[in-house]
Amino acid sequence: MKNTHVDLICVFLSIFIGIGEAVDVYTNHFHVHLKEGGGLEDAHRIAKRHGFINRGQVAASDNEYHFVQPALVHARTRRSAGHHAKLHNDDEVLHVEQLKGYTRTKRGYRPLEQRLESQFDFSAVMSPSDPLYGYQWYLKNTGQAGGKARLDLNVERAWAMGFTGKNITTAIMDDGVDYMHPDIKNNFNAEASYDFSSNDPFPYPRYTDDWFNSHGTRCAGEIVAARDNGVCGVGVAYDGKVAGIRMLDQPYMTDLIEANSMGHEPSKIHIYSASWGPTDDGKTVDGPRNATMRAIVRGVNEGRNGLGSIFVWASGDGGEDDDCNCDGYAASMWTISINSAINNGENAHYDESCSSTLASTFSNGGRNPETGVATTDLYGRCTRSHSGTSAAAPEAAGVFALALEANPSLTWRDLQHLTVLTSSRNSLFDGRCRDFPSLGINDNHRDSHGNCSHFEWQMNGVGLEYNHLFGFGVLDAAEMVMLAMAWKTSPPRYHCTAGLIDTPHEIPADGNLILEINTDGCAGSQFEVRYLEHVQAVVSFNSTRRGDTTLYLISPMGTRTMILSRRPKDDDSKDGFTNWPFMTTHTWGENPTGKWRLVARFQGPGAHAGTLKKFELMLHGTREAPYNLIEPIVGQTNKKLDTVQKAHKRSH
C-alpha cells in the first residue's frame, strides 16, 4: 500500500542541503527546468540550439533535464556566466542552475597490506563447494581464524528453506560492476543497469593500476556470486540479480547524477545498495541535495509499484571520532543504515556510531588477513580483503533480497520493522574505552561499570534491546524470512509535528541545557502517532567548537539516545547546524505521549560557548498497533515480537 504524508517531510529536510564543500566547485553539468509542457524532444532541441548535450530527464521530475556543456572543463571555481545566460534567456526555459560539484567517498577500509523450519533437517544441509566459502565466516562461522562460532548471518538455514534471492534485483550504486566476471555474469540484470558517469548502458569499471575501481565489483559479488561453480565464494542471495549503476567515477559528484542513480528503473530494481557517502573525516556535515532527496522520496512512495524502493546505506568509516548522524544519507528515515562487526563480535576500529543505525552485519576481523570479506574482484579474480562498512551494506542487501523473495508484498517500512524484530544482540560488543560524561539525568540508561566506559546494550520502553553502535543487532536471515512469511502489512504511517522551541538558549560552559516538549502525539488529529518508528529532533545551533557539542534526546518512557556525539576533529565555529534532522530509531515501538527532553552540553578541553536556536520534535509512526495481526508460523516463535505485542496490549 502507498504510504501517506511522506512528501510532507521532504519540505523541511531539503532545508539542510546547503552544507557542502569548503570552496565552491562548478561543473559542466546544468539543471534545466523547462516551462510547462516542455518534453524530451523540446529539451533535445533547446540543448542543441545552445551547444549543450541533453542527458535526459531528471528522476522524480516532469519537465526537468540534465544538460552537459562539452566546451567547459569538468570543474572550475567560477560560474560560466555566458553559458548560463544562453539557457536563462531562452523563452522555453523556466529556470537553470549550473551544478556545484562535491565529494563522495567509497566506504572501504584499505588494509595495511595490500519454508517451515520443521520441514528441513538442517543437520544434513550441504554447504556450498565454492573454493573461498570456508573463508566466508560471516556466512557460516565455525570459529575459523579465531572467530566466535555461530556469529554469522544464519543464511544456510534461509537457503535450506528455499530462499536464495530468486526474482529480486539489487542495484550496486558505485564505480561500476565487472559484469563479465565468471561469478557474476549469469546473475547480471543488464536491463536495469546504467552508467551515469559515461552516459551509456554499460556500467563497466574503469581499470586503474591501483585497482581503485574494484569497489562495486566486490560489493556485487557479496550479493550474487554464483554457488557451486568453482569460482571465488558465494553470494548471500546467489540466485538473485544484480544491476550496475556506475556513478562514482568522475572528478566530482553532482545532484543530478545522484538523483538519476537513485531513481533509475524503480519498477525493475528492488534494492539499491550504497557503500559511499560524504567524506568520513570527522568534521564533514553533508547530505542529499534537492533533486536527490526528491528521488529518494519518490522511490519510497512509488518504487516497486507502490511498495517502495529499499535503500541500504553503509553507516560510515570515520571511526570513534565521527558520528553517522552527520551524514544525511545514512541518517535518513528512508534508508536502512548498516554498521559492521568483526569475527569475534567486536566493533571494527573504523565503525562510526549513531542513533540512526538500524542494524549490523560483518566486515574484516581485526588485523588477521584471513578475516577479510571474500568476494569477486577485477580481471575475473577473487579477493579475501574486501572490508569496511562498504562490505557490510551489500551483505544486508543480500539478506533483504531473501526476505523479499519470501514475501514480495513487503513495503519499505515492513522491511525496517522486520529488521528491528529479527536482528539479534548475539555476541556483539563495544571493545573500545570511551569518555562519557555523567549527565545527572533521571532516565532508564544503563551506564558502564569500572574504569572503562562502553556503548552498552540498552532496553527501550517496549523491551527492545539496542546499541548505539550496532542498532538492534546483527541481521539473522533465517529469522527474517520466517517472520516475513507471516507478516501483515504495516498500518498507515503518519507524521506528527510534536512541538517547537525557537527561542535562543545559551548552552552553559559546564553542565546541561535541557529543553522540554510535552506532546500528546497529535491525538485526535489526522496525524496522530501512538506507536513510534522514527523520531527526529530538528536542531539549529552554533558554538565555539561544533565538534565539542553533544546532544541527547530522552523519550517519555525514559529511553536516552545520544543524537550527536563528540567529534574532536570538527573545529567549526561558524556554520554550526541549521535545521539538521538528527534521527533516532532507539524509541521504536514506544508511545510518544508525554515529556521529551533535549539535553545539550559541551564535552572536551578548553572554553566553550554556544547558542541553541531551535528544537523541533518530529514523530513518525502509526496510529494502530503495528503487530497486532501478526501470528508467527506454528512452531516458530519470535521473542522480540512477543515482547512488543505484550507491551502494546498493556498500554492500549
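Cβ atoms are placed via backbone N, Cα and C, with glycine included.
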Just choose from CYS232, CYS496, CYS522 the cysteine that Swiss-Prot connects to CYS382 via a disulfide. CYS232
Taking just the CA atoms, what is the gap between ASP174 (active site, charge relay system) and CYS354 (disulfide bond) in Å? 24
Please name which of the recorded positions listed here, CYS232, CYS382, SER390, is nearest in space to CYS324 (disulfide bond), Cα against Cα. SER390
Enter the number of other CB atoms within 10 angstroms of the CB of SER390 (active site, charge relay system). 28
Which of the recorded positions CYS232, CYS382, SER390, CYS496, CYS522 has its Cα closest in space to the Cα of CYS354 (disulfide bond)? SER390
Checking your reading of the structure: which of the recorded positions HIS215, CYS382, CYS496, CYS522 lie inside a 10 Å Cα sphere centred on SER390 (active site, charge relay system)? HIS215
Have a look at the recorded positions HIS215, CYS232, CYS382 and say which one has the shortest Cα distance to CYS496 (disulfide bond). HIS215
